[in-house]
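Data first, discussion second: the structure below is written as structure tokens.
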Amino acid sequence: MQSKTHLLEDEFSERGKIRGVRYLQSFLLFLCLFAAYLLRVSISVAIVAMTPDKNSTDFLLETHYHIPVFSWTQHTKSLILSAFFWGYLIMNLPAAMIGRRYNNQMLLAMSMTLTVALSLATPMLVVAFNWPILVLIRFLQGLTQAFTMPMIHGISAKWAPPNERGRLVGFVLGGLQFGTVITLVGSGILASTRSGWPSIYYTSGAFGIFWVILWLIFGSESPDTHRLITRSERNYIKSSLTQTVSEKKNLITPWKEIFTSMPVWAVTISHAGHNCGFWLLLSEMPTFISSVLKFDIKSDGFVSALPYLAMWLCQFPVTYFADYMNKKNVTSLTFSRKFWNTLGMSGGALGLMVLGYMGENANAAICMYVFVVAIGCCTNVGFNINHLDLAPNYAGILMGFTNAVAALGGVLAPTVCGFIVHDQTSVDEWRVVFTLGAVILFFSSIFYIVFGSAEVQSWNEPRNENVGVRSFMQMKTDYGSSSKYTSSSSSFGKLS
């Protein structure tokens, strides 16, 4: 009788719950990155519409509809494009540290809300104060969006079981590419309408508001706090993470071990190199396509989006196949991470080198552009997910650290391009830019092969406060790897 009563109580307590809440969380985080990239990437197309050539149809269209246009130099445009990353660089690690102490769900909602407010205010402020205010707005948006990736990694560490990590987190990261696709296509279309370039900022801001509402209703920091999750799913997730994720909120961060860990630096160098190549293409290719390949802004948006559509579609079979190999123990996890990372980065480096020698051959250049970006999806199961392998307890901190360093790539790519490319129609000047990007990608790939690892590091285990403080104050120069770390015996990790 008593057992029957318990069964009835369990059935009653499970009413109103939904199954697969971890998939719902992944979808919401996917939409978060989608919204973030709508807000972040739209400037790449908007700036072309804001500064059209006086002989172009875009200039005639915008002046006909009395939409303000600006005469900014390439150096000024590069400054605007890089301003975001200065804020991003400064705030990434502090954002991750704040995330260790406060609710990640609310921090994510607040950061998105502030980014949206700045986007909605952009058209009015730029018309009133010209390019200096746009530099400031982009800098502030960099500060607010710095919370996004650390919070997402911190939340994912609590929601994604290890045997589903590649698919769940890979799907979340696909929001970057899907957001880029929709932004590049949609921004080109919006800029060609009667509303012109201001509508780009209003539309991306509106979707950001929509996401915040969804997140506050259905999102949660962990399975413990989600009101709709079933007991069985909660127990499944928690039991799979028992050995690697601590229940404690205010863990002492092992700074010494993080800063002296070569596996962490392998992720960091790869992250920075990938960002440099990714943002070089994302921020500068619309200009290259418009100036060298002679596409108009509407076609420019479609062409610029093709590679990211290919990247988004390719990441589904890649993440599934990577998880399948790991589940079947076809290779060690370390080998798997290095294999996919090398394919994504070295393949991209080769493609960039070839792209630089294609001149004004538009069809060949676009095909190679698609290849370079699409193959980059392999890094989603390489360095991009490696933070959760090394230290699930500090995944947000690790993402904050590597993302801060990687933000230099976003700063340097448009800035260096601005110094190299004085004549936007010069194929030779663009070739130098693409070759430099290829060298950076290749070096980053080799560094990850030599020093990367997917073993849980010994310092992932929580320690008491005194040990944590002493560890930070007595920072020395050892290499901070796990007792299990064996990359010295084999750069690629052994097959098993």
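Keep in mind that glycine also has a Cβ here, set from the backbone N, Cα and C atoms.
The feature transmembrane segment is assigned by TrEMBL to 27-50 (among others).
If you look up TrEMBL, you'll see 28-456 marked as domain 'Major facilitator superfamily (MFS) profile'.
The annotation transmembrane segment is assigned in TrEMBL to 79-99 (among others).
Marked as transmembrane segment by TrEMBL: 106-129 (among others).
Per TrEMBL, the feature transmembrane segment maps to 135-156 (among others).
Feature annotation from TrEMBL assigns transmembrane segment to 168-193 (among others). Counting only same-chain residues 6+ beyond the ends of the transmembrane segment (168-193), those with a CB under 8 A from a CB of the stretch are 22-23, 26-27, 29-38, 41-42, 44-46, 48-49, 58, 61, 152, 156, 159-160, 199-200, 203-204, 282, 286, 297-302, 304-305, 308-309, 311-312, 315-316, 318-319, 322, 377, 380-381, 384-385, 388.
Sequence-distant contacts of the transmembrane segment (199-218) (same chain, six or more residues past either end, CB-CB distance under 8 Å): 24, 28, 31-32, 34-35, 38-39, 42, 45-46, 49, 105, 108-109, 112-113, 115-117, 119-120, 122-123, 183, 186-187, 190-191, 193, 228. Sequence annotations record features per position, and here TrEMBL assigns transmembrane segment to 199-218 (among others).
What TrEMBL lists as transmembrane segment is 301-318 (among others). If one looks beyond the transmembrane segment (301-318) by at least 6 residues along the same chain, the residues whose Cβ comes under 8 Å of a Cβ in the stretch are 44-45, 170-171, 173-174, 177-178, 180-189, 191, 281, 285-286, 289, 293, 295, 340, 366, 369-378, 380-381.
With a threshold of 8 Å between CB atoms, the same-chain residues lying at least 6 positions outside the transmembrane segment (339-357) that come near it are 270, 273-274, 277, 318, 322, 331, 365, 368-369, 371-373, 375-379, 381-383, 430-435, 437-439, 441-442, 444-445, 448-449, 452, 492. Residues annotated as transmembrane segment in TrEMBL: 339-357 (among others).
If one looks beyond the transmembrane segment (363-383) by at least 6 residues along the same chain, the residues whose Cβ comes under 8 Å of a Cβ in the stretch are 166, 169-170, 173-174, 177, 266-267, 270-271, 274, 277-278, 281, 285, 293, 303, 306-308, 310-312, 314-315, 318-319, 322-323, 336-338, 340-345, 347-348, 351-352, 354-355, 448, 452. Annotated transmembrane segment per TrEMBL: 363-383 (among others), in sequence order.
Among residues of the same chain six or more beyond the transmembrane segment (395-421), those with a C-beta under 8 A of the stretch's C-beta atoms are 74-75, 77-79, 81-82, 84-86, 88-90, 92-97, 99-100, 104, 142, 146, 149-154, 156-157, 253, 258, 264, 267-268, 271-280, 283-284, 387-388, 429-430, 432-433, 436-437, 440. The annotation transmembrane segment is assigned in TrEMBL to 395-421 (among others).
If you look up TrEMBL, you'll see 433-451 (among others) marked as transmembrane segment. Packing against the transmembrane segment (433-451) from elsewhere in the chain are residues 262-263, 265-267, 269-270, 272-274, 276-277, 280-281, 284, 338, 341-342, 345-346, 348-350, 352-353, 355-356, 382-383, 409, 413, 416-417, 420-421, 487, 491-492: each is 6 or more residues past its ends and has a CB under 8 Å from a CB in it.
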Query - Within the predicted model, mean pLDDT of the domain 'Major facilitator superfamily (MFS) profile' (28-456) - result: 85
**Report entry** Listed stretch, out of 27-50, 79-99, 135-156, that has the most CB pairs under 8 angstroms to the transmembrane segment (106-129)
**Finding:** 135-156
Query raised in the report: Counting only residues 6+ away from its ends, which parts of the chain sit with a Cβ under 8 Å from the transmembrane segment (135-156)?
Result: 25-26, 29, 32-33, 36, 39-40, 43, 79-81, 83-92, 94-96, 98-100, 104-105, 107-108, 110-112, 114-115, 118-119, 121-122, 125-126, 168-169, 172, 221-222, 387-388, 395-400, 403-404, 407
Query raised in the report: When you scan the chain for residues with a C-beta under 8 Å from the transmembrane segment (27-50), skipping those not six or more beyond its ends, what do you find?
Result: 58, 62, 69-70, 72, 77, 80-81, 84, 108, 112, 115-116, 119, 126, 138, 141, 145, 148, 152, 155-156, 171-176, 178-180, 182-184, 187-188, 191, 196-197, 200-201, 203-205, 207-208, 210-211, 214-215, 218-219, 282-283, 286-287, 290, 297, 300-301, 304
